[in-house]
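Annotation comment: TrEMBL describes 12-36, 66-85, 92-110, 122-145, 181-201, 263-280, 300-319, 326-348, 360-381, 388-411, 423-443 as transmembrane segment. What TrEMBL records for 454-475 is region 'Disordered'. Annotation comment: TrEMBL describes 461-475 as compositional bias 'Polar residues'.
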Amino acid sequence: MLCRLVSTSDGACGAGGRLVMSLLYPTLLLCVSGFFSNLRPSEPFLTAFLMGPDKNLTEVQVVNEIYPVWTYSYLALLFPVFLATDYLCYKPVLLLQASSLVVTYVMLLRTSSVRAMQLTEFFFGLATASEVAYFSYIYSVVAPVHYQRVTGYCRSVTLFGSAVGSLLGQLLLSLAKVQLYYLVVITLTSSALAFVAPWFLPMPKRSLFFHKSPRLMQDGPESSAGLMHGETDTWHTINELRLLSVLQLLFSDFLCCYRCQPLLAWSLWWALATCGYFQVLNYTQVLWEKVRPSQDYDIYNGYVETLSTLLGALAALLVGHLPVCWSVWGELSLSLLSLLMTLCIFGMDLLDNIWTCYSLYVLFRAMYMLLITVATFQIAASLNMQRYALVFGVNTFVALLLQSLLTLVVVDSVGLGLDIYTQFLIYGGYFAFISLVFLGAGLHKLYTRRRSEQEGGSGDETLSNGAPNGNISSS
């Protein structure tokens with residue numbers, strides 16, 4: 001009955017009631033699923049759990065043999081899951097994500113061998129790759145005018161769930177002296193609850209690529225006026241496209257999008273920084289375990305994860321109020337903050353103090369969340385929903401490809417298999433490289449603008465234009 005209500009255009013309840021229900025019902029269910037799937041009290045203590053008496057795995061096994069599997073799995077599954085999500089209209093992949101999380105934590109509880117833990121990481125990689133369904137499902141059941149609002153709800157509830165989970169885990173560990181094993185049990189229970197909600201979601205009748213509708217082509221007045229100004233939109237209004245046709249359209253739009261230089265610059269930072277960010281997050285717990293072993297001391301990873309998540313969310317909210325003209329100073333800002341992220345990583349690695357590590361980690365995450373929010377807005381400002389999905393999918397894929405290469409060379413036992421301190425020296429150098437790249441790009445842009453001012457006097461107008469649409473569409 002509720003599914004019928006979402007898709008009905010006329011009825012006795014009136015247009016206002018149907019509109020409210022069509023927004024509220026799927027958004028509420030999706031938020032419930034997102035909250036419980038991210039409520040993971042065991043997450044901040046995963047390394048301590050694996051290397052502790054419960055699993056009794058060595059640092060080499062955890063760092064060099066088990067953790068890399070998540071990176072490789074995520075990379076290998078991202079594109080197939082992306083296509084399957086659209087072809088199957090989201091809901092089946094939402095169920096796949098929820099079930100993968102359940103399998104992950106069942107295996108984490110019941111198995112202990114290295115091979116079994118590697119398979120656990122594979123299922124977690126499948127769950128991570130399937131998150132695309134969570135963030136894209138809502139676009140298929142609500143009108144484009146509501147995209148920004150419902151996106152905010154869905155993203156906020158995942159951050160809130162993550163913060164609550166970390167805080168709950170720390171409180172149970174510190175105050176109630178609950179064993180790490182039971183934190184994993186609570187996480188499994190939460191994942192099981194998250195598995196229930198998607199079953200009641202209405203099945204979408206359209207998607208971005210395979211099952212398109214005429215209304216989807218009208219994302220708003222900016223859908224083809226920004227990046228694609230003066231070009232004919234190649235997206236065809238038909239119900240189903242063959243896989244080859246979809247791939248051809250994706251490749252065509254890929255070429256169109258990345259010919260835009262400002263979009264390319266922000267996408268480059270996105271991919272490079274996300275690669276390093278994932279790598280630091282994946283192995284920070286191992287560094288903390290070396291600095292302050294959980295078998296000998298009390299650890300406060302949960303408090304740190306909670307604080308870093310909340311500060312990161314706050315930074316993302318406040319970024320819109322910063323008096324920065326990103327179209328002019330974007331590259332130099334990326335360079336400066338990437339340099340600060342470099343210093344955070346070097347400080348965590350070299351100072352060998354747990355409180356310093358905690359503080360610099362919180363600062364590192366906050367800066368990344370701030371910059372990734374800016375990059376998201378700068379990239380998305382003049383893209384319609386189809387190209388939005390394409391560009392962010394490509395950026396994430398490139399980030400994972402770089403991360404896989406970095407993992408293979410630096411972390412994996414097949415490669416160098418370096419110890420954690422040496423790894424973090426390399427990660428710090430990696431962010432220093434990012435900072436130098438964008439310092440050069442920023443100085444070149446300022447030099448070009450200054451020269452343009454001197455030669456044609458048109459630079460003043462360009463400098464005063466901070467709107468992302470104008471900047472991106474000028475490719």
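Using N, Cα and C of the backbone, Cβ positions are placed for all residues, glycine too.
Curation does not apply to TrEMBL; its annotations are automatic.
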Count, for each of 181-201, 300-319, 423-443, the Cβ pairs lying under 8 Å from the transmembrane segment (326-348), and report the range with the highest count.
423-443
With CB pairs under 8 Å as the measure, which of the listed stretches 92-110, 263-280, 423-443 comes out on top against the transmembrane segment (388-411)?
263-280
Hey, which of 181-201, 263-280, 300-319 has the most Cβ-Cβ pairs under 8 Å against the transmembrane segment (92-110)?
181-201
Top Cβ-contact partner of the transmembrane segment (300-319) among 66-85, 181-201, 263-280, 360-381, 423-443 (pairs under 8 Å):
360-381
So which of 66-85, 263-280, 360-381 is most in touch with the transmembrane segment (423-443), counting Cβ pairs under 8 Å?
263-280
Using a Cβ cut-off of under 8 Å, list the residues of the same chain at least 6 residues beyond the transmembrane segment (66-85) that approach it.
50, 57, 93, 114, 117-118, 121-122, 124-126, 128-130, 132-133, 136, 243, 246, 278, 282-283, 393, 396-397, 400-401, 403-404, 407-408, 411-412
